[in-house]
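**Q** Structure provided below as C-alpha cells; questions to follow.
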C-alpha cells in the first residue's frame, strides 16, 4: 500500500520545507523506494503562471506543461524525477474543480461545503499522485504556515487521512524555527512549542519535528522540544543553515530521518546508498577555480525568479571543477555607455526569460556587447528573441526591428505571435507549454553538445521567431541550429565565428541535474571557463 508523508511548516514561511521534503525524497529513493512528491499551495490563484516573479519567484514548468511552484524544481533536482500536473495543487484549482462538479450536478443538489467537498477533493489529489506514478511513498509539502486561514482546509484534509487509511500509512513532519536571540546569546524553543500546539489543536500530532537553526542545538534543548511536543527525542531533527544545499540529505540521514520514516511506516527496504551523492557534495565543497557569469535580467532584486537558471549554471560548473558566481545586472540600467563597466569581471553573459517591455533594450545592448566582443553568451526564451532582434538591427541593418509583443507597429517584426495564439484571450495556462521535440542541425554547436538528432525540452512562450526573416538572417551568418521536427518553429540559434553564442526558445534550465548538467549550460560554462583561463 502507498504511504503518505506530509511536511508542514510553523513560526515563519520560507523555512526550507521544500528542501527537507526533497532531501527525504532522495533518501527514500536511494533506499530503493518509488517516490513521488507534490506541493499544496493555499493561495487562490489556479497556478502561479500569471503571478509576478516578485510575488512568487520562478514559475517551474513540468514535462506535461503545468506551471508550478519553484519548489518543484528542488524536488526534480534532488530526487532526479520528472513531475507532472498532479504535483502542484492550489486552492484555486480545488475550488475550480468543485464548482465545475456542482454546476454539472455531481453533488445531486446537496449543499457544497468545505467539509466534505473541498477536503475530499484535496485528499483525492494526494491519492491520485500515488496512483498516477505507482509510488511506494507520496511526500506532500503544505505551503504557508500553520495558523494561516488559507491553510485550514488543507490541514483538515491531511488530518482525516490518518483515520481513512490508518496511522501506519500516514506520517506528519513539522518544520519549525529555533531563533537565535543575539542580545541574549540564546536559542529559543518557545516558537516551536507554540507552533506544534497550534498544529495539535487542529488534530495533527507531528511524528517528527525538523528544527531550522543558525547554530547547533544542545541535547538538552532537543529533550525540551520532545517533552513539550510529545515526541521521542530522536524524532527532533536538527537542520542547521548550510552553504551547500546538496549536503542537507546527508545531514538528515546522519540523524536518522529516513530510518524513522521507514520504522513508523513499516517499510522494509535497504539502507540508502549515498556514495554518488557524497561524491557530489565533496566535489562541490572542493572546487578548484571560480568564474563569474553576468546575468542580465529584469527581476534581479529577487534571485528566486531565476533559481533554476542559477542552479543550472552551478551544475555545469561542477563538470569543470568550477564554482560559478553570478553577477546580477539589472537590464533596465544597461546602456551602450555602461555595459563594459557593468559586465567587468565576468567571463560569460546570460540573458534569461521574461515577459513585457521593461529592460528589453538593456538586454539587447548586453547581447550586442557579447557578440561583438566574443564573450560567451547564452540566451533563454526572451534571450533568444533579443539575440535575433539585435542581429537584425545591427548586422542586417533593419532599424527598428523588434518583437510584435513589445512594438506591435514595428516594420520588422522579427519575433511574432505564434499562429495558434492569435485568437487566445486568457493569459493563464494558454502559452505554448511543456515538452516538445527539437531537431538539431549536424555540424552546429548545439548538435556538438547534445550529440543527438532530436532532443526534448520544456517551453513557456507565446511569441516565436518570424520565418519571413529566416532566409535573410541565414544569408548574413545567423545559424538556425534547432527547429521543430517540421521545421516550422525556430528552437535554437547560434553564430559560427564566435566562441559560444547560442540561444534557445525553450527553457533548458528546467532539465538540469546536479550530477547531469544540461548540455547547453555545460557548453556555455565550458566556453566561459576557457575564456577565463585565457585572461
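Using the three backbone atoms N, Cα and C, a Cβ is placed for every residue, glycine included.
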**Q** Return the residue out of 39, 222, 224, 234 that Swiss-Prot annotates for the same CTP site as 13, 148, 149, 150, 188, 189, 190, 191, 192, 193.
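**A** It is 224, as the record lists it for that site.
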**Q** Which candidate from 71, 80, 106 does Swiss-Prot annotate alongside 14, 15, 16, 17, 18, 19 at the ATP binding site?
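**A** So, going by the record in Swiss-Prot, that would be 71.
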**Q** For the recorded ATP site, enumerate neighbouring residues of the same chain (Cβ within 8 Å of the Cβ centroid of 14, 15, 16, 17, 18, 19, 71, site residues themselves excluded), in sequence order.
**A** 9, 20, 21, 74, 141, 175
**Q** Does DSSP give residue 383 (L-glutamine binding site) helix, strand or coil?
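**A** Assignment for residue 383 (L-glutamine binding site) reads helix.
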**Q** In sequence order, which residues at least six apart in the same chain have a CB under 8 Å from the CB of residue 188 (CTP binding site)?
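**A** Those within reach of residue 188 (CTP binding site), by Cβ under 8 Å and sequence separation of 6 or more, are 178, 179, 180, 181.
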**Q** What's the most sparsely packed of the binding-site residues 14, 192, counting other C-beta atoms within 10 A?
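**A** Output over binding-site residues 14, 192: least Cβ neighbours within 10 Å is 14.
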**Q** Using residue 18 (ATP binding site) as the reference point, find which of the binding-site residues 54, 224, 382, 385, 405 has the shortest Cα-to-Cα distance to it.
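**A** Nearest by Cα distance to residue 18 (ATP binding site): 54.
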**Q** Whose Cβ, among the binding-site residues 13, 189, 193, 385, has more other Cβ atoms within 10 Å than any of the rest?
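**A** Compared across 13, 189, 193, 385, the most Cβ atoms within 10 Å surround 385.
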